[in-house]
Amino acid sequence: MLLLINNLILNDVPTPWGLYFQDSSTPNQEGIIELHDNIMFYLVLILCTVSWLLFSIVKDSSKNPLPHKYLVHGQTIEIIWTILPAVVLLIIAFPSFILLYLCDEVISPAMTIKAIGLQWYWRYEYSDFINDSGETIEFESYVIPEDLLEDGQLRLLDTDTSVVCPVNTHIRFIVSAADVIHDFAIPSLGIKVDACPGRLNQVSALIQREGVYYGMCSETCGVAHSAMPIKIEVVSTKEFLTWLNEQ
């Protein structure tokens, strides 16, 4: 118990029987979790109210002194059940519209990473950086086969090459595909964007803590769809520059 209290254990990978979000690492994901919690509050409130009304109707139906066949209309209750749901929907809609706009907005990114989906692996390009040969940094990332996994590596999640990003840096991901539709999704970063052939989609992320984040292709793309993991290592700026010099 003391270990759990004194050490923050963050969840950046899928867990067995998980029923909630992974721990967030970007403002976008924080907003998604907050919106989810707010909507769940209204859903639980509505569920309890409707359940209580249904229980009361069934329980007291035989005690009703006014038979329902003589009840021709109820203007007050009709106004209530028309206006109240509309108000609840508006309360839910406005925050969701704001969050949707913020998630799509990309303003002055510090760097750009291009992710291209192929059957069944990812290719990444760092177009802002050029190596000694005058070429942009690019590499391919494949899932590590189960028989080659080392201790501590995750089945169908670890890759032979990782995307490396600096912490606290505004990063733009440009996502596309070379064959069929894929989907670039990292839950902890609040990223989920379709990778479509012939189209460039973009999303931004401000990753606020170092760590290793896992994602998957979230669009059925063929027989090896489950073998398209995404692994992102977030390091300090100094470590990122060291990694760049090694490429």
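Along the chain as shown, residues are numbered 1 onward.
For all residues, glycine too, the Cβ spot is worked out from N, Cα and C.
Since the structure is predicted, the reported quantities are computational estimates derived from the model, not experimental observations.
Features as listed in Swiss-Prot:
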TOPO_DOM  12-38  topological domain 'Mitochondrial intermembrane'
TRANSMEM  39-59  transmembrane segment
TOPO_DOM  60-78  topological domain 'Mitochondrial matrix'
TRANSMEM  79-101  transmembrane segment
TOPO_DOM  102-247  topological domain 'Mitochondrial intermembrane'
BINDING   His182, Cys217, Cys221, Met228  Cu cation A1 binding site
BINDING   Cys217, Glu219, Cys221, His225  Cu cation A2 binding site
BINDING   Glu219  Mg(2+) binding site
How do the residues of the topological domain 'Mitochondrial intermembrane' (102-247) split into helix, strand and coil according to DSSP?
22 helix, 69 strand, 55 coil
Summary of DSSP states over the topological domain 'Mitochondrial intermembrane' (12-38), given as helix, strand and coil counts:
12 helix, 0 strand, 15 coil
Is the topological domain 'Mitochondrial intermembrane' (12-38) packed against any residues at least 6 beyond its ends, judged by a Cβ distance under 8 Å, and which are they?
92, 95-96, 99, 102-103, 154, 157, 187-191, 205-209, 211-214, 234
Other residues near the Cu cation A1 site, CB within 8 A of the CB centroid of His182, Cys217, Cys221, Met228?
Gly117, Gln119, Trp120, Asp183, Ala195, Met216, Ser218, Glu219, Gly222, His225
Other same-chain residues whose Cβ falls within 8 Å of the Cβ centroid of Cys217, Glu219, Cys221, His225, the recorded Cu cation A2 site, in sequence order:
Gly117, Trp120, Val180, Ile181, His182, Asp183, Ser218, Thr220, Gly222, Met228
If you count the C-beta atoms lying within 10 Å of each candidate's C-beta, which of the binding-site residues Cys221, Met228 ends up with the smallest number?
Cys221
